[in-house]
Amino acid sequence: MENLTVETQNLTSLDNGSIEEKNGPTVDEVQEWLISYLSQLLDLEIEEISTSTSFNRYGLDSSASISLTSDFGDWISKEIDPTILYSYPTIEAMAEHFGA
């Protein structure tokens, strides 16, 4: 995980404008974004990402966690503390927390 650059503009067809218009992303949109992000970050196929597997099991170190939460926060236009991954340790949990 040396290169933590993820092309967030290419993650999905979702964009900030549509999120802001409806007061935040849906649970499904959050899951789709996180799956796409991890797929790119970890060089895995989307099918290899499980919404119920903990971020720790994917081997995210602190640097990757900071990148993920920063990029996710940019996507939803909110500042996200990287320690949120301890409270919501799976894609499913994050989606339930942040999804509308």
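Each Cβ is built from the backbone N, Cα and C atoms, and glycine gets one as well.
Per Swiss-Prot, the feature compositional bias 'Polar residues' maps to 1-16.
The domain 'Carrier' feature in Swiss-Prot is assigned to 25-100; the stated evidence is sequence analysis.
Residues or ranges marked as O-(pantetheine 4'-phosphoryl)serine by Swiss-Prot on the basis of sequence analysis: S62. Cβ-based neighbour count (10 Å, all protein chains) for S62 (O-(pantetheine 4'-phosphoryl)serine) stands at 9.
Per Swiss-Prot, region 'Disordered' is recorded for 1-25.
DSSP labels the residues of the domain 'Carrier' (25-100) in these numbers: 50 helix, 2 strand, 24 coil.
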